[in-house]
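Novice: What follows is a single structure, and I will ask about it in a moment.
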Amino acid sequence: MVVEDTQKSSITDDQITANPNNENEDLEEGEILDDDDSSATSRPPSSSGALARNPHPLENSWTFWFDNPSAKSKQAAWGSSIRPIYTFATVEEFWSIYNNIHHPSKLAVGADFHCFKHKIEPKWEDPICANGGKWTMTFPRGKSDTSWLYTLLGMIGEQFDHGDEICGAVVNVRNRQEKIALWTKNAANEAAQVSIGKQWKEFLDYNDTIGFIFHEDAKKHDRAAKNKYVI
């Protein structure tokens, strides 16, 4: 499980994993939020009064980003359709947002949903990401919801020994599969990347082999880029 063993964060495991009642299960496919999400905001959907009065701060603030498949075809430059949705800084804000957004299985094919540390953009060109890379896991279509949640909890709960290396994560929804990628900032630090990859597999109880690709190689070779680390 994601947050059972490590005690790095000052927030307890129960506080991270305590999920208030899910408030919305009726979003239309392809939508992220149940109300108008046309503008980015740092204010999440309202938390319950009791939780809001006693917030549990996270070590880092995080921002959800969405790349709408319907907008991609209208954009000339790669990445220009990615937009921030919400920024959260407490456990309560995270659950308030998570319970009001679609999970990967309900997103339209072609959608990309990101969660990155605040002020880091989910792009190769971002200075923090430029020298990094990513681990990637693959799932059958509609089967990544739980692994996506556990990935988020592992990141925001600071459960990785090399958490400072982590930039964020993205889930890509495609016709036949879904992919979750964990982005890191210093690809050349093999020890840190291997540690992150191993812990991620443990958190998700993922048994297949995963590979790590440098962003620089991905930019040069696209899909022909080869894994530098494999576990």
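Including glycine, each Cβ sits where the backbone N, Cα and C put it.
Quick caveat, the model's predicted, so the values are computed rather than measured.
Sharing the features that Swiss-Prot gives for it:
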- 1-55: region 'Disordered' (REGION)
- 8-18: compositional bias 'Polar residues' (COMPBIAS)
- 23-38: compositional bias 'Acidic residues' (COMPBIAS)
- 39-48: compositional bias 'Low complexity' (COMPBIAS)
- 56-59: region 'EIF4G-binding' (REGION)
- 66-102: region 'EIF4G-binding' (REGION)
- 74-79, K106, 124-125, 174-179, 219-223: mRNA binding site (BINDING)
- C129-C167: disulfide bond (DISULFID)
- 150-159: region 'EIF4G-binding' (REGION)
Novice: Roughly how many Å lie between the Cα atoms of C167 (disulfide bond) and K219 (mRNA binding site), rounded to a whole value?
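Specialist: For C167 (disulfide bond) versus K219 (mRNA binding site), the Cα atoms are 18 Å apart.
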Novice: Rounded to an integer, what is the Cα-Cα distance in Å between R174 (mRNA binding site) and C129 (disulfide bond)?
Specialist: 24
Novice: How many neighbouring Cβ atoms, not counting its own, are there within 10 Å of the Cβ of D222 (mRNA binding site)?
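Specialist: The answer is 8 other Cβ atoms.
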Novice: On a simple 10 Å Cβ count over all chains shown, which one of the binding-site residues K106, R174 is most densely packed?
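Specialist: The residue with the densest Cβ neighbourhood is K106.
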Novice: Tell me the Cβ contacts of K219 (mRNA binding site) under 8 Å, same chain only and six or more apart in sequence, or just say none.
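Specialist: For K219 (mRNA binding site), the qualifying residues are W124.
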Novice: If I take the alpha carbons of D222 (mRNA binding site) and C129 (disulfide bond), what is the distance between them in whole Å?
Specialist: 17
Novice: Just the number: how many Å between the Cα atoms of C129 (disulfide bond) and Q177 (mRNA binding site)?
Specialist: 25
Novice: Compile a sequence-ordered list of residues in the same chain as Q177 (mRNA binding site), six or more apart from it, whose Cβ lies below 8 A from its Cβ; state 'none' when nothing qualifies.
Specialist: T138, F139, P140, R141
Novice: Within 10 Å of the Cβ of C129 (disulfide bond), how many other Cβ atoms are there?
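Specialist: A 10 Å sphere around the Cβ of C129 (disulfide bond) contains 22 other Cβ atoms.
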Novice: Could you give the number of helix, strand and coil residues in the region 'EIF4G-binding' (56-59) as assigned by DSSP?
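Specialist: When I sort the residues of the region 'EIF4G-binding' (56-59) into the three classes, I find 0 helix, 3 strand, 1 coil.
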Novice: State the count of C-beta atoms found within 10 angstroms of the C-beta of C167 (disulfide bond), not counting that atom itself.
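Specialist: I get 23 for this one.
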Novice: DSSP three-state call for K106 (mRNA binding site): helix, strand or coil?
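Specialist: In the DSSP reduction, K106 (mRNA binding site) maps to helix.
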